[in-house]
Every structure is written in C-alpha cells, then in structure tokens.
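Marked as domain 'NADH:quinone oxidoreductase/Mrp antiporter transmembrane' by TrEMBL: 23-287. Per TrEMBL, the feature transmembrane segment maps to 64-81, 93-115, 152-171, 178-196, 202-225, 237-256, 276-298, 319-337. The domain 'NADH dehydrogenase subunit 2 C-terminal' annotation in TrEMBL covers 290-343.
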C-alpha cells in the first residue's frame with residue numbers, strides 16, 4: 001500500500017475513534033463510528049486476495065447493519081425525548097436497539113458470527129487492529145450508557161459470549177480464529193461487570209488489549225498462523241516461545257500473572273453485590289478458554305518437530321522485524337498483579 005494512503009487511512013481511523021470517545025452527542029458519536037468502519041475496510045484488504053475481500057465484505061455488511069440499527073434507535077429516542085444526549089436515553093425500545101447495535105459492533109454473542117470469519121480471512125496485523133483498537137469506540141459508548149441499559153440483556157449476552165468464546169475455540173487449529181473466540185469471551189466479562197462497576201470494564205479492556213497485542217506481535221514476528229507451524233517455534237525462537245507461553249497463561253487468567261487481576265477484581269465486585277452464582281458460572285466457563293490456551297502451549301513448547309535430523313536447533317538468522325515495543329508489552333502482560341491494591345483504590 002502507498003505510504004501516503006496508509007498514513008491517511010490510519011489517521012482517519014484514529015480520528016474516528018477519538019471523535020466517538022469524546023462525544024456526548026449521539027450524532028457525532030455515530031459519525032465517528034462510521035469513519036472507523038470505512039477506514040477499516042482498506043486495512044483489512046491490505047493484501048488483495050479472495051479471502052481478504054470476502055472478510056472485508058462480511059465486516060462491511062455486519063457493521064453497516066449495526067450502524068443502521070443504531071441510527072434507528074437514535075431517531076426513535078429523538079422522537080420521544082427531543083434530545084441527542086448519550087447519557088439520557090429514556091425510551092426502552094431505543095435503548096435496547098442501541099445496546100444490540102453496539103454489541104454487534106463489539107462482536108459479543110449472539111451477534112458474534114462475523115468475528116472469527118473476518119479475523120481468519122485477513123493477515124495478522126489487520127486482525128490485531130480488528131480485535132484491539134476496534135473495541136474502543138463501541139465500549140466507550142457502552143460506558144456512557146451503563147446507567148440506563150437493560151441489565152438482563154447485558155447479562156444474557158455476557159454469559160453467552162463467555163460460553164461461545166470457550167466452546168467455539170476448542171476445535172480450532174488456526175491461531176487467528178482461536179484469538180477471535182478469546183476476544184468474544186473477554187467481551188462477555190467486560191459486559192457483565194459494566195452495570196456494577198464500569199471502571200473495571202475499562203481495566204479489563206486495557207489488560208486484554210495489552211495481552212492480545214503481545215500475542216499478535218509474537219506470532220507476526222515468527223510468521224506463525226496455525227498450530228502446525230507453532231510446533232516449529234521453539235527450535236527457531238526459544239525466547240519468543242517462553243514469552244508466548246507466559247502471555248497465553250496470563251490471557252487465561254492464571255495467578256500470579258496480569259490477566260488474573262481483572263478477573264479477581266470482577267469476581268470480588270460481583271460477590272460484594274450478592275451475586276454468587278453468576279461469577280461461579282463465569283469462572284467455570286472460562287476453563288474452556290484455559291484448555292485451548294494450554295493446548296497452544298503444549299504445541300509450541302512441548303512437542304518436537306518430526307525429522308530424521310538429530311540436531312533440533314535450526315540456524316539462527318538475524319531478525320529483521322521490528323520488536324522494540326515487545327519487551328514492554330510482555331512485562332505489562334505478565335507482571336502487573338502487585339499493582340492490584342493501587343488500582344483497586346483508583347476505582
């Protein structure tokens with residue numbers, strides 16, 4: 001892609017997200033979402049082939065439908081209340097429609113079907129942007145809507161997301177699809193805690209983005225996209241394999257890694273609000289995710305590539321890919337747990 005065109009596309013993507021995040025007026029927030037969606041399509045089609053074209057078409061159709069549903073909700077709200085304020089949506093029909101539209105944009109269940117297909121159809125870097133940056137704008141709107149949203153709908157979507165995110169990833173061999181189902185599961189955790197403590201949603205989002213960025217950067221660095229190529233990883237880049245192993249365990253939420261912190265604080269918050277059964281169900285369903293993360297660790301670290309050669313280490317070539325931010329991301333992904341008391345005081 002032309003560097004000038006790429007810089008223009010990335011600037012518009014950044015501007016669209018920031019416009020939505022800083023808006024208190026529904027129309028400007030909607031415009032920001034549209035800018036975001038339209039600039040994402042050329043990013044998804046960075047390398048032109050039938051699969052990326054199909055993925056971009058699926059993305060466009062799903063997001064366009066969600067945008068139309070959101071605009072219809074805003075119009076109904078305007079007819080009944082005469083205002084465009086995000087923090088005041090008095091009509092329940094408009095509120096539920098807007099909530100479903102934003103859930104579709106986020107890719108949470110039962111509006112999740114596009115996420116694995118689109119992620120699998122594109123390259124690793126566009127997939128990384130899709131599963132991290134594209135969550136910011138819809139979640140910032142849900143954060144502002146947290147006071148009046150339909151909690152039953154949020155709980156149903158959250159629990160379904162955690163279940164489908166774990167269940168769907170069990171039988172996958174493609175790493176991008178596994179990370180897409182992982183994203184759906186994490187969206188479920190963020191949605192469920194939203195009515196109780198929206199700040200914890202933002203904390204979970206920040207840690208989820210850090211973990212996902214780390215994993216995608218390691219995979220892009222080693223040109224790994226499937227489980228079969230993951231078995232070659234330990235004898236090419238042993239250090240990267242150890243980093244990937246730790247980050248996957250953190251993504252699963254194991255102590256004493258960073259990924260345990262948001263789950264710990266969320267379960268604490270839910271039990272404080274006399275909700276015992278829901279965090280129990282959430283924790284049990286998250287074990288499905290833990291299973292396929294462990295399977296990835298087993299493939300990358302504990303399996304030997306079948307070959308007749310006794311020497312398993314390959315020749316070490318100089319890596320030409322950019323890895324300057326990776327050490328920082330790995331440290332953030334694995335060593336934030338001691339900061340939990342400070343973060344819980346900031347809520």
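Each residue, glycine too, has its Cβ placed from N, Cα and C.
TrEMBL labels come from automatic prediction, so no person has curated them.
Note on the domain 'NADH dehydrogenase subunit 2 C-terminal' (290-343): mean pLDDT across this stretch is 80. Tertiary proximity for the transmembrane segment (319-337) is limited to same-chain residues at least six positions away from its ends with a CB under 8 Å from its CB atoms, namely 207, 210-211, 213-214, 217-218, 220-221, 243, 246-247, 250, 255-261.
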